[in-house]
Structure formats: structure tokens, C-alpha cells
């Protein structure tokens, strides 16, 4: 498929993340640190999960329910880690606020907190994209292409890049929603994030069916756009509330 | 909103039947993915051979791999771009003649894949890529336009600047499917291509004749001293072979002609003046595809007849008392300018170590056993004795008649060849006659005026092309004739003759060992003498690496030569049963070590069996390189010798995979860039909006 196509696939999967990094994250060192640490946390979660699941591999690919169980346990574990991540962040936030008070500098703004959440989410998303798409992309730089039987209209590498992009969106914005909901104590939103994560994961099971990717991928993007819209609504609500609070 | 999503989701789950038929190929890593993208195809290549005046054979046109879409050939095929042509056997002749006539068609031939299969073979009436008079330049008579092989198309003697592969049976069906997929074009932006890697060093360096390529060390001379094995992905029986300066040379094997005396010649005795009866056969074959040179009828059936005759004669008592000495000789390299026989005759003149015990003055007559496998005609086994018009071979003919008498009940007949034939057919006898036109000699063949072998020097000359009962009959004929000749009519009784019987099951076993892949060289007979990892036998002569000598190390000799040497040494050894474990003084008491690879240190037997190197008389190995000697009028055949060499190569491979159009690749790149830019713009817009919203008072 040559170098051009390889770069194209990499950009499809990670281009928006790159754009986000360059325009928002790279400006503040703390965000870069947050991104890196959340990437690391996500990868560690994968290592632990693979360690636990090693005993049950290889899974029989003729049935779909072992994969459903795998996805469920993985999502549950990662959501648990997200809670832990939030708790660590809360402690850090308290430390930073105390420090700011001591040096008579302003405390973290709402936008700062949201940017930290965004960086955390982006870390998760980038880790997913790198692990599940970029690592498979090396053969894409060679002359040959590859088509999977059950999704024979689109090259395999394109499919994996598109799915990776959807998951980047899901991870990035659901972290913002999650942090916000933990801060506000909003139960509905707290449930929203794991449910959407699980649903997005289960959507990929549709790819098992012959020709399933034509249905599965649009559904996955539906989840991603849902997350994006919900995040946007929540952010604008919080900002206007905050602004009103601040000005009143 | 959430409820709507969930209901939609459930709807899809239930409406969509998850069809999980068929097992997914399990891939566990990225290298597995890479391997499944590129399918390595099993095949036999045609390589580049070089002589003094030019080249023949096939090669990639340059230094790069050839990548071309696969198209099935039909008579009406027109090529719009360089393509890989999938050719069936009945189209081969037509295709190659179209190549030579239509240059615009030939320009678009990127590579050729030839199908193979058992049904294909039955359909074909004959196929021979050899010339109509093979090696006519060496004939001792002037009529060089006589067509011994009228089916011969001569296609293997032309030069092609594209690679040609013979596919194995399994690859043939795979590639036929792929060619059909290409035709149907279900996806407009992909094609299935074949990637040929047959880059020859002589093409890379630009040495297009033997003299320059030997000097530049980009080629090696053909000869029975080395079998070059190719590097071919996923073939376990091949190694890599390449340029000396860049890569290690792979496991080069050497072989050579083999001669054996029955009974063993007493080295210490000064009375070595018994006239010699020489029984000759050859063991090398030729084909368009170097690794599929079986040569079942021509010449292996003759070699098997000779080996079976030796076995039959080994059970005869009193050979010591006969007037004449029997010597058996199996040449290699005969198909490439009679290398084995010419070198043997030269060594005989020089009285070298390799031929110690033989003298050219003692050569009484030569009996060559050519092809014998097609001698079966409606239950009768008929053979023909070809002799040079002027030589006095009445003695041999009389002996043959006596043998025929004793075999009358088996329906074996021998007749003299048609007098309208210009002389002996292409055979090692030509070399003997060119050297000394008064040599008394006979060539035993299964044909009269034209070859009975319709697949002469092709990859289709396999065990299905011969009949074992014809070989047994020829072996009986040869064994009894040799006994008559050796006894020189002294105390010859018909009972003694009828006691000489050929073991038919030995012949069957030799056929299955030498000409089939199953059991091939892992058969019991071969395994009892040599140890080898190959199973499929191949009789291509190979190349000579390094200095040829008459005492090569056993692990430098190729499988067939080693087997023949061991077999002859075992059968001609005396006394039977008197064997001991091999030690240093085995050679001193006139013995040789047989079964050295399979039976511990080996067994020492008293036998006169030697290797003789087989390479062109125009070449000399001097201080690490091959030198071309100038033509010498005392070596008339050397003056005619084309001096065949084979180009070196790095690897040879054939892969098939799917490629996308370049336009599609560019589209993907554009898509990626667009997604990135759009995302960046969206982020900027959002940031601007938020900043504006925050600034609003």
C-alpha cells in the first residue's frame, strides 16, 4: 500500500489527536504530563487485563460471547481505574490550590480543570489508537494491502483507523464528562460514561458478522458523536453557570 | 434520548443474524499479519545460463523485482500493461512463438507462470523444449539437420528477459482462482499481482558471455562437481547461493562421473593387460526448469538398466577367469556439451589418479545404454542398436543376438537401427567417436529413427513416461551381452547365460527412488547407502565450485553420484561377505569405504570404484578462479564447446499479493490530512467560542 497510504491511515486515526495536542495541550506543561500519565495508566490497565485473561486464551473465534465477557470485564476495570484516576487528580487539585493560595496566585479555573480532564481523556484515546491501530500499521507501508473476509469492501487498515478515531473521540470527551460529574455529584452523568464506553465496545462485536462493519462502524460513530454532543452541552452549561456565578 | 438509542441498538441486534460460518485464520502478531498478506508461491524457476557467445534462459530484466498483475493467457489475449501471464501447458508452444514474432506483445510480458497438473500431462501428446538435433555440433557425421527430436521446439535455448516459473500442482489451482478474481474485478481499485524475484548477477553486472562472467565471478561453470541449491522461500531443501564478495555461498555439493570395475582391478598386480569392455550410461537430465529435471526416459532409464545389469552380473561366479575386464561408467554433464565423457577421455590420456587402472589402449569396445524406458510395444520389448557406419562392431551385435536368443521367451528383441539414420543418435558415444573414430561402439536405445520419448528434456519426462518392464528387459539384455563379450566365447554355455537374471523389484525400487518424490531419496535402498535430507530427486548437473579433484570429500558430493558410487562399489566388491569396519588402511589394501554415512564409520570392501570430475575441457581452475583455455586443435570437441556457465543469484522467489491503485492510496492520504485539518479548525473555533463566551459580560 505504500508510504502514502500508511501515513494516511495514521493521520485518520491520530490526526485529530495531533491537532488537539498542538493547539491545546502543548501550551501547558502540566497538560502534557497529564496526557502522558493517563496514557501510561491506560496501558498498565491493558497489561493487567491481559495478564488475567492469558489463562483463557486463545478464545474460540467462532462464537461471540467470550469476547463480550472480555469486553465487559475490560470496560469495568478501566472505569474503575478512571475513578481512581479522578481520586488522584482530586488530591493533586487540592495540593495545587493550597500552593496557589500560599503564593497568592489564583486557583485553578473551571476551564483549567476541564483542560486537565481533556488531556486525561486524550491520553486514553491516544493509547487506544496507538495500541490497536498504529501497532498494526507497519505492513501498511509495504506494497500489499489486506482485506478481511467479513468486511471485504474496505481495506483492513482503513477499518482499524476509522474505529480507532471513533474511540479517540469517545475516550477524550467521556473523561471530561466523567470528571465533571464526579465534581458535581451528578449520578446520571456518572453512569453515562461507563454505559457509553461499554456500548461502544459492544458495537465492535457486530464486526464479527459477515458485512457487519458496514452497520457496526456507523453505530460506533453514533456513540462517539453522542459523547461529543453531551460533552459540549455539559461544558456550555457549566461555563454559563460559572460565568453567571462569577458575575453575580 | 438515551432510551431511543438503546431501543435502536436492540433492534439492530435482533434483526441482524450473526453469521459466524467459517473459521477466521488466527493471527497472533503483526508478523503473522504480514505473512498472510504476502502469499509465497511454490514453483520451479528457469534461470540464466551463459555460454561463450551469449545467453539462454530467463531472468528479471534488471536489479529490481518484477511486479505485474496476473492474467490468464488465451490466444486472443492482448496486453495493455506489463503482466504476469498464467499459461497452461498446451499454450506454451503458441505463447513462445508469439513472443518471438510479436515484439509489442513481448514488451508487455512481465513474467510467466506455467501451470502443471496430472490431467494436463495426459492431454498433451508431446512437449520438448530441446532442439530437433540436440548437441548437433558434436556429431561425428556431417548431417546435422537430421531431426532426431522432431517435436523439439528449442524454446529452452533462447534468451528471455522475463522470469518464468513452473508452478507446483497446489499453486496452480490457487493462481487460477486469483487470475479469475482479477478478471471479475469485484473491487475496482485493487489487483492481484505476482512479484518475481529472479535477479541474476550476470544481468546486474552486465557480463553476457562465459569468458567475462567467469572473470568477474558472476557465474560458475556447469559440471558434475557441484550442485547449486537455490534459495527459495519456504523450501526446506534449498540454501542460499550468492556473490562471493557479498554473501556466503550456500552448501555447495559436488558430484561427478563414477566408474567401477567388475571384478575389481588388482592395483598391485602388474598384469593389467586385460582388454576392457566399457558399459556407459549417463545420469544427468535437462529441462526448461532447472529444479524439475527428471529425465526418466532420457537418460535415467538407461542408468537404471545399467545398475540392474551390474547387480545381475555381481551374482555370477568366475568373472576373474574371463578374458576381458568389465568396467561400468556413469557420466554426468552429458546434456551440456558431453562434459563427463570429454573430461573422462582427457583424464584417460593424462593417466590421472581418477582413472588409475584404465588405459585407452586397452579399450576394446564401448557399449552405451541410452534411453530404454519406452521400449514396450504391445507386450514386446524392442530395442535398437545404433552404431557408427564405419566402426567394426559386429562382435557386439553378435553378442546382442546371443543374448536375445536366451531371452526369447520374454519377448525381447534387438535390431540394428535403420541404415538411413545418419549415424549414432545424440549420446556419449559421439564424444568417443570424435576422439577416436575407430572406436568400436554401440548405443542401445528404445527408438529407431526418431526419439520415442515425446517429452525429451522436459519436466514432463517423469516416471509416468516409462515402463519398468522395458527397463528390466534392457537390463537383462545388457547383462547377458556384457557376459558374452567378457567371456570372449570361452566356455560360454546357455545355462550360464540363463543364470544371469535381473531383479525386477530392484528396478522398481530404483525407479521409485530416482524418479518419484514419494518415497524419493528417502527410500530404503538409498537410505542404506547415503544420508540425505532431500526427498525429491533432481538430475540437473549443477555447477562446479572450487577446485575439482578425483577424491572429493563425501559430504561435498551430490546425492545421486554418492548413491551410484556406493551402489556400484557394493555390487562390484569381492569377495562377498568379507567386510570390515573402515579404517585408515582400507585404501592401502585396495578397498573403499562404503555406507560411511549410514553405518558408523562405514564398511571397507575391496572394490575399484572412483569418482571422475566432470567439467569442460576448456576450463582450468587456477588460483581460486576459473580460466578459459584457448581453443586447442588437439581437442576438437573443446573447440566446439560452448562452455556453459550458470549465473549466480542472491535469492529466487515468487510472491502473490493484492495491491491498491495509487490513486486510492493518495485518496487515503488526502482523507487523513483533511480529517486532521478539519479537527484543527473545529478546535480553534471551539476555543474562540469559549473565550468569547467567557469574555461576555
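The backbone N, Cα and C atoms fix where each Cβ goes, and this holds for glycine too.
According to TrEMBL, the features are:
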TRANSMEM  A:6-25  transmembrane segment
TRANSMEM  A:30-52  transmembrane segment
TRANSMEM  A:64-85  transmembrane segment
TRANSMEM  A:116-137  transmembrane segment
TRANSMEM  A:157-179  transmembrane segment
TRANSMEM  A:191-209  transmembrane segment
TRANSMEM  A:215-235  transmembrane segment
Contact ranking winner - A:64-85, A:116-137, A:157-179, A:191-209, A:215-235 against the transmembrane segment (A:30-52), Cβ under 8 Å: A:116-137
Touch test for the transmembrane segment (A:6-25) and the transmembrane segment (A:116-137), at least 3 Cβ pairs under 8 Å: yes
Two-stretch contact, the transmembrane segment (A:215-235) and the transmembrane segment (A:116-137), at least three Cβ pairs under 8 Å: no
Contact between the transmembrane segment (A:191-209) and the transmembrane segment (A:116-137) (3 or more Cβ pairs under 8 Å, separation 6+): no
